[in-house]
Amino acid sequence: MKKSVFIGALTAAGLMAGAAAAGTLDDVKERGKLNCGVTTGLVGFAAPDANGEWKGFDVAVCRAVAAAVLGDASAVEFVPTTGKTRFTALASGEIDMLSRVTTWTFSRDVDLKFDFAGVAYYDGQGFMVPKDLGVSSAKELDGATVCVQTGTTTELNLADFFRANNISYEPVPVETNAEGQQQYVAGACDVYTTDASGLAATRAAFENPGDHVILPEIISKEPLGPLVRHGDNDWGDVVRWTLNALITAEELGVTSANVGEMASGTQNPEVARLLGTEGELGAMLGLDADWAKRAIETQGNYSEIFATNIGEETPIGLARGLNAQWTDGGLLYSPPFR
Amino acid sequence: MTTLTDPPGSTFRLSMLLNDTRYRSTTLQVIAFILLMSAIFYLYSNLATNLREAGLNISFAFLGTPAGYDINQTLIEYTSQSSNLRAAFVGILNTLLVAFLACIMATIFGVIAGVLRLSKNWLVRKLMAVYVEIFRNIPVLIWILIIYALMTIASPSPRAFRGDDATASMILDGAAITNRGVYVPGPFFTRGIGGEDGSVINWLLVIAVLIGSFVVTRMVTARANATQEATGVRPNTLWTNLAIWFVPIIVLLFILGLAWDIPELKGFNFSGGLKVGAPLIALWFALSIYTGAFIAENVRAGIQAVSKGQTEAAAALGLRPGRVMSLVVLPQALRVIVPPLISQYLNITKNSSLAILVGYADITATLGGITLNQTGRAIECVLLLMAFYLAASLIISAVMNVYNNSMKLKER
């Protein structure tokens, strides 16, 4: 009996590692479809809309990569992953890239053997409490029951924050954002903690968003971005530079509306290189010349993606803040297209 | 002239390995063994190669590093700075706790429902049939979720106990039922050995005294049996046994200075007293009531396996129905009930791994969940998890088999 159990585990592990071979770019082209890991549902970042179509900030990054590589922004198979399953899914080759509000940390990059393709959203961990609790600072949360998604950096930051401030709490581990939301609404926990953007998205989905406040403390740095398997550098470059193309497009004033016009008659050499009318940047990536143009055409530049999914006009209502271009005092800074 | 030829000598030919029944089974077993071993070797080398190519290795060093996360129910001392190994032990204890509680509760539910299914009362019989069919035919995962959801929605949050216009109040000013768990007064010792930290020794002392009382009462009963065999008159042991149970423990508790820590509302939650968390209650209850339905069927089968003549003979001797059941039918039925009961206990232990659904920190949630995620050591964690569940199941089987052997028909 012991033996048979062992074999089962080894088979599973063997299959898992077997699939994770190099050459993702070719695999994706051959398959004609990009397998992209997203959340199980976080409005604004990745959630199916009323028609069952995936929408959101993370989704747009997936679609941009699909548009650049395959020429079709809809050729994406969205694989919902939880905080627990996401890394196994990526490491095993079930998904080609993970675009799932995932924090770039040292151990994930180095020890778990992933490569982060850049930062798509600069976030930080916050706390949400019902207004009638009368709490105005996270330091007043001594003894509170806190809902936290398990398997996330949030869980570790939470432990660190309460230990550093020498106050106690009781964790209620939840698997998904939806479950956390449900527990919080049912009053099974006093506080819900996750990335501030996630809190805003969750609060927007409440019946009376005004009854809940997000506390001013941001207790961590959470640079969120897409990631790929370590060691497949060609594929990593494609994802990295697609993201950079979206950021650069905003910086250079290229939008989904004017991208066609800019491509045909621009005086700006960097725009020409970005959109493939000049130079061989696409070929260097193993793609055609129009790769970035297609990504921008279908998804819009960074500011358009931000505004339609999570910006101030949407129910989620996030300000650009740290996520403004470096020219506007934010942190977004794409290396040059040259 | 007759020619007598010797029977052919026992020369061994290779074809005999397959054709000769004396060798055939051995041959097949050797072939099967070689195939199995090469399959294992192939899988293992495949795993090793792939891991090496991915730049990963198998290492258990992560068990010694600080876990970094907190756990909501810890039976042993634990902080976020404790090691991953300690977090795993916290999980193991939580698993064993809920499995133990659920096994006992499921047995109680199962025996009651199983006996009542054979009741002469139509309504009782049908009610029990409905219980068995409903709980047996809906997945335990759904029962866990339903019971937990009902608990969190139906019971008040600690906030409802606050203020002058509180909508909820404590039962007898000592216990509170909230959607985060049930708070009851917790016992502690004011004159305990070793002060505040020595409480474990005190509890061990209490347990030792209880075990002592148990042994002594068994001896008293044995002596009463012997007297009855010899003289035909059974001495009354009730008061002696009650005294043996209660006097020593009361004296001990008095010496140690037993007192009760009443829970009170402080800040966000109740503090003090003993907290039985909502996840534990939901999981415990769901596992018990689900498995109880299976055990009920085992019990019914066991009872029906006892020949009707036994019941009739017992009734003819003048035993009342209740005593017929407890003295004649159940002891014989146990021989049929115990073997399937073992697998139900194993099921409870394994099903307790659904704990993470309701945020209960069992071994699957700590070692197989959070530790696995935070360290990324999936293969190591899963191997350890399998080893734990295998060991736990084998131990339960072994213990129950000992019990089964003591119950089964002694053939002389």
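Glycine is no exception: its Cβ is also placed from the backbone N, Cα and C atoms.
TrEMBL does not curate its annotations; it predicts them automatically.
The domain 'ABC transmembrane type-1' feature in TrEMBL is assigned to B:92-400.
Taken from TrEMBL, the feature transmembrane segment applies to B:26-44 (among others).
Under the heading transmembrane segment, TrEMBL lists B:87-116 (among others). Among residues of the same chain six or more beyond the transmembrane segment (B:87-116), those with a C-beta under 8 A of the stretch's C-beta atoms are 63, 67, 69, 71, 73-76, 78, 124-125, 127-128, 131-132, 280, 283-285, 287-300, 302-303, 325, 341, 344-345, 348-349, 352-353, 355, 360-367, 370-371, 384, 388, 392.
Long-range neighbours of the transmembrane segment (B:128-151) within the same chain, counting only residues 6 or more positions beyond its ends whose Cβ lies under 8 Å from a Cβ of the stretch, are 113, 116-117, 119, 179, 278-279, 281-283, 285-287, 289-294, 296-297, 351, 354, 357-358. What TrEMBL lists as transmembrane segment is B:128-151 (among others).
Feature annotation from TrEMBL assigns transmembrane segment to B:200-221 (among others).
The transmembrane segment feature in TrEMBL is assigned to B:242-260 (among others).
The transmembrane segment annotation in TrEMBL covers B:280-303 (among others).
Remote same-chain partners of the transmembrane segment (B:352-370), defined as residues 6 or more beyond its termini with a Cβ less than 8 Å from a stretch Cβ, comprise 67, 69, 71-74, 84, 87-88, 90-92, 94-95, 98-99, 102, 140-141, 144-145, 148, 277-280, 282-283, 287, 381-382, 384-385, 388-389. Residues annotated as transmembrane segment in TrEMBL: B:352-370 (among others).
Annotation source TrEMBL lists transmembrane segment at B:382-403 (among others).
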Long-range Cβ contacts under 8 Å made by the transmembrane segment (B:200-221), restricted to residues 6 or more beyond its ends, are 189, 192-194, 237, 240-241, 244-245, 248-249, 252-253, 256
Sequence-remote partners of the transmembrane segment (B:382-403) [C-beta within less than 8 Å, at least six residues beyond its ends]: 88, 92, 95-96, 99, 338, 341-342, 345-346, 349-350, 353, 363-364, 367-368, 372
